[in-house]
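Annotated features, as they stand in Swiss-Prot:
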ACT_SITE  Asp388  active site, proton acceptor
BINDING   Thr16, Ser17, Arg84, Arg236, Leu259  acetyl-CoA binding site
BINDING   Asp52, Glu158, Asp192  Mg(2+) binding site
BINDING   Arg84, Glu158, Val191, Asp192  glyoxylate binding site
Amino acid sequence: MTERRHDREFVRTFFTSPTAVEGEDDSAKMLRRAAGLRGMQAPDVWVPDNEDATAPSMRDEGAENIVEVISEQGAEFPGEIHPRMVWHRDSPETRYQGFQHMLDITDPERGAVEHIHGFVIPEVGGIDDWKKADEFFTIVEHEHGLDEGSLAMSVIIESGEAELAMGDLRDEMGKPTNNLERLFLLVDGEVDYTKDMRAMTPTGELPAWPELRHNTSRGASAAGCVAVDGPYDDIRDVEGYRERMTDNQAKGMLGIWSLTPGQVVEANTSPLPPKTGSWLLDADGEEVELASEDGVEAYDGDRLSLEATDGGYELRVGGDARELTADELREELLGLTSYVPSMDDIVDSMEEFEAAKEAGRGAIAMTQSATLRIGGTEIDIEKDRMWDEATYQAAMTPISLFQDVYENRPDQHEELEERYGAGVVERAMEVGL
């Protein structure tokens with residue numbers, strides 16, 4: 001696995017705030033509000049946004065607001081702070097403006113830089129453009145006597161050029177001619193990416209761009225960075241936001257842009273293992289979570305029915321009815337069901353495998369069993385899954401994420417212990433070490 005060089009191995013949330021709001025008595029009010037977020041409402045990475053979220057006429061004032069708010073409140077903020085500057089691969093003037101703002105913000109005498117972990121650079125192009133941005137970071141560090149490479153650089157992937165540049169990172173990082181090892185987050189920007197690709201949809205909505213998200217996750221994994229999905233702008237569509245995160249997580253992209261504190265809460269909790277395990281049933285193409293009732297997993301819908309007969313069982317799925325023996329029914333139901341393990345389940349399995357490995361066994365069988373009730377008919381099912389070292393390492397990802405969160409976000413300890421129980425949290429912090 002490629003080494004990651006930053007304090008955070010995982011980033012769940014990337015939350016942007018305008019740096020200056022025109023027409024307000026206090027133009028920095030959105031920054032002050034964001035700086036006061038705590039617990040699950042506070043993001044892992046807060047991005048005071050001096051680019052798209054702030055009007056061009058307000059950006060000089062926005063840079064001053066960043067200094068003022070972060071110097072006053074940055075020490076207490078529980079996440080990392082990475083302001084977004086202006087930059088564009090085709091505009092030297094824009095790049096220079098962003099550079100000047102970085103110089104002003106990082107002046108040690110102004111008191112903000114000690115709380116700033118890095119900067120976010122949008123609209124990057126090919127790998128040479130990434131190197132230009134990196135050189136500006138190095139100049140800023142030298143100008144203010146900061147350690148070279150101490151400011152992390154995150155980029156927004158908003159063009160085909162930037163997408164292709166991710167394939168060059170492994171060859172370029174670590175060369176003595178650059179400090180690209182400062183790279184931290186690779187963040188998708190699907191709106192500008194859609195414009196750059198000249199893509200269209202009949203409704204005018206953004207394409208889903210699963211290929212971009214896969215490529216960004218792959219590029220981040222290969223380069224030791226962290227992948228983050230772009231903004232989900234239908235802020236009332238909570239279920240759609242959750243589905244997007246679930247799809248991303250299967251690609252290894254565990255972070256997502258958050259536009260509101262409500263989205264931050266959803267994104268902070270989504271990649272964490274569930275509090276309780278649950279059984280899922282494929283009911284004629286619709287995935288349904290079964291209701292757990294006194295140790296029985298029950299389905300009472302109308303897409304699937306089960307009745308006992310003299311010779312066995314009749315299973316009806318949609319309009320298709322089949323006569324099955326008990327063994328045939330169990331085999332069929334094993335193909336229609338799946339189990340979502342809880343945090344406690346994952347920790348139990350990992351502890352069991354660690355004990356077996358210590359006893360000299362390289363692989364063991366883990367059994368999952370349940371009593372299903374479909375309509376009024378019950379039947380027991382069980383299946384074995386072989387665990388070896390590869391299975392163990394794959395299962396470690398959600399635990400590693402939890403450990404990273406618990407170590408870096410003490411402001412969330414109380415909520416995590418309420419969610420799982422102090423005993424499960426303690427055990428989860430010990431497995432895999």
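Using N, Cα and C of the backbone, Cβ positions are placed for all residues, glycine too.
What Swiss-Prot annotates, mapped onto the structure for a quick look.
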{"residue": "Thr16", "record": "acetyl-CoA binding site", "Cβ neighbours (10 Å)": "24"}
{"residue": "Ser17", "record": "acetyl-CoA binding site", "Cβ neighbours (10 Å)": "26"}
{"residue": "Asp52", "record": "Mg(2+) binding site", "Cβ neighbours (10 Å)": "17"}
{"residue": "Arg84", "record": "acetyl-CoA binding site", "Cβ neighbours (10 Å)": "25"}
{"residue": "Glu158", "record": "Mg(2+) binding site", "Cβ neighbours (10 Å)": "26"}
{"residue": "Val191", "record": "glyoxylate binding site", "Cβ neighbours (10 Å)": "14"}
{"residue": "Asp192", "record": "Mg(2+) binding site", "Cβ neighbours (10 Å)": "17"}
{"residue": "Arg236", "record": "acetyl-CoA binding site", "Cβ neighbours (10 Å)": "8"}
{"residue": "Leu259", "record": "acetyl-CoA binding site", "Cβ neighbours (10 Å)": "17"}
{"residue": "Asp388", "record": "active site, proton acceptor", "Cβ neighbours (10 Å)": "13"}
Next item on the list: Give the distance between the Cα atoms of Thr16 (acetyl-CoA binding site) and Asp52 (Mg(2+) binding site), rounded to the nearest whole Å.
Entry: 10
Notebook entry, point to check: Hey, of Arg84, Glu158, Arg236, Leu259, Asp388, which of those recorded positions are within 10 Å of Val191 (glyoxylate binding site), Cα to Cα?
Noted result: Glu158
Item checked: Integer Cα-Cα distance in angstrom, Asp192 (Mg(2+) binding site) to Leu259 (acetyl-CoA binding site) -> 17
Next item on the list: Can you grab the distance from Glu158 (Mg(2+) binding site) over to Arg84 (acetyl-CoA binding site)? Cα atoms, rounded to a whole Å.
Entry: 14
Check: What are the other residues, in sequence order, whose C-beta lies within 8 angstroms of the center of the C-beta atoms of Arg84, Glu158, Val191, Asp192 at the glyoxylate site?
Finding: Glu51, Asp52, Pro122, Glu123, Ile156, Gly189, Tyr193, Gly230
Check: Which of the three DSSP-derived classes (helix, strand, coil) applies to Val191 (glyoxylate binding site)?
Finding: helix
Notebook entry, point to check: Which residues, in sequence order, are found in the same chain with Cβ within 8 Å of the centroid defined by the Cβ atoms of Asp52, Glu158, Asp192 at the Mg(2+) site, excluding those residues themselves?
Noted result: Glu51, Pro122, Glu123, Ile156, Gly189, Val191, Tyr193, Lys195
Check: Could you give the Cα-Cα distance between Ser17 (acetyl-CoA binding site) and Asp52 (Mg(2+) binding site), in whole Å?
Finding: 10
Check: For Ser17 (acetyl-CoA binding site), which DSSP three-state class applies?
Finding: strand
Item checked: Inter-residue C-alpha distance, Arg236 (acetyl-CoA binding site) and Asp52 (Mg(2+) binding site) (nearest angstrom) -> 21
Next item on the list: Sort Asp52 (Mg(2+) binding site) into helix, strand or coil using the DSSP assignment.
Entry: coil
Item checked: Spatial neighbours of Asp52 (Mg(2+) binding site) among the recorded positions Arg84, Leu259, Asp388 [C-alpha, 10 Å] -> Arg84
Next item on the list: Please state whether DSSP places Arg84 (acetyl-CoA binding site) in a helix, a strand or coil.
Entry: strand
